[in-house]
Amino acid sequence: MKALYLLGLLAFLYSCSSENVYDLQPESSEEENPGTFLEAIQEQSRTCVPRDGDCTENRKACCRSKIFQDRCQCRKVSQDKVACSCKQPYWLMKIEEILGDIPEKPKPVEGKCVKKHHDCSQRKNDCCPGSMENYTCKCYNTLEEGAKESEICGCVSKADHQILAQGFRYVKRLHDLR
């Protein structure tokens, strides 16, 4: 099991390092019109080379597969000619076969999602994604005045859930001691 976690961590780190990194400093010709620099990046991300397509002109333009980005692999055709095509390394292909299809999140109602720490009791599957991890709707039983139990729900991360659950258990224990 530890080996599987290690393999997953290595695959995640490798995929993070494979993403294209753009220099955010505009070049001298682009200083006059800053919109062209962003437009060029957006156009480059829209036009990617599919698997087995020719990537001789732009070796960083290979499309992403389900999880990982394909690599441009070149081979010598003749003395002075090189042919390049987008391929996926064998071990990355095997990792994708093991992991299978990654299910997509259900679309939120009316194009909006429930923000972090907001009430999600009506829409439990529509929490907004976070920057580092996804939020899930968790519900907690609370004691109101008069020892009446009620349930509150909110979109929280895993760490927030552990902290909140421990806090509610602690308060309930204090209430039971009275």
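Here the Cβ of each residue, glycine as well, is placed from N, Cα and C on the backbone.
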Among Cys63, Cys74, cysteine joined to Cys84 by disulfide in Swiss-Prot: Cys74
Disulfide-linked residue for Cys139, taking Swiss-Prot as the record, within Cys113, Cys120, Cys153, Cys155: Cys153
Swiss-Prot annotation, disulfide partner of Cys86 among Cys62, Cys63: Cys62
Swiss-Prot annotation, disulfide partner of Cys155 among Cys127, Cys128: Cys127
Partner cysteine of Cys63 (disulphide bond, per Swiss-Prot) from Cys16, Cys48, Cys113: Cys48
As recorded in Swiss-Prot, which of Cys72, Cys113, Cys137 forms the disulphide with Cys128: Cys113
CB contacts for Cys139 (disulfide bond) [other CB atoms within 10 A, all chains]: 11
Disulfide-bonded residues: Cys74, Cys113, Cys120, Cys127 - member with fewest neighbouring CB atoms within 10 Å: Cys74
Inter-residue Cα distance where the pair is Cys55 (disulfide bond) and Cys63 (disulfide bond), in Å: 10
Disulfide-bonded residues: Cys62, Cys128 - member with fewest neighbouring CB atoms within 10 Å: Cys128
Cα-proximity to Cys62 (disulfide bond), 10 Å cut-off, over disulfide-bonded residues Cys55, Cys72, Cys128, Cys139, Cys153, Cys155: Cys55, Cys72
Neighbour count (Cβ, 10 Å) for Cys155 (disulfide bond): 24
